[in-house]
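**Q** Here it is: the structure, laid out below.
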Ligand SMILES: *Cc1c(COP(=O)(O)O)cnc(C)c1O
């Protein structure tokens, strides 16, 4: 199927309230333009350099989401334009984003990335770490950041029950946090598991290969 057909196929499966982040990492600007022309405005990238290059070449009304691990020394390159950083996985990075956002006189939206997968994953906060950061945020420690939700990735497996269990854990945490502040975004689900994620309460999904086709290398 073409990119256009893929895009419509995915959009048709998403309920009205579910936001689509089109994950364009490794795909060229021309492919992003195609999807942009179909009306898509939210795109996700996982590497800072690739993101800044694409940002400079593409229409300025794109809302860029960073979905990959971010190093503190790279925050400055995206702080001026990034819409949402979905991959906040430490206090250190949150502090740095807050600092750089202040320089640009902005409030940057972030999601706390929580480790929900059973498999050993490198990045993500434990539930307790996420709670602690959220508590600090609610106290006003990070004035140039707005924590608008949570993000998680399920284990890479065909076991739907396992995936469902992991997504439900994050949904429970999301509901828990929501008692202290209304959170907008529960970001779970990728090309292979977004229907399960939506059943479990996701209102934002990050879909790459099902729109743009397979990537040349795993990332
Ligand atoms: C690459 C990536 C996606 C999209 O994955 P697909 O399987 O291509 O849909 C979603 N979320 C994160 C964090 C990613 O790195």
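Note that Cβ sites are derived from N, Cα and C of the backbone, with glycine treated the same way.
So TrEMBL has the following annotated:
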| type | residues | note |
| --- | --- | --- |
| DOMAIN | 2-215 | domain 'Alanine racemase N-terminal' |
| MOD_RES | 25 | N6-(pyridoxal phosphate)lysine |
**Q** Taking every residue in the domain 'Alanine racemase N-terminal' (2-215), what is their average pLDDT?
**A** 97
**Q** 10 Å Cβ neighbour count around residue 25 (N6-(pyridoxal phosphate)lysine)?
**A** 18
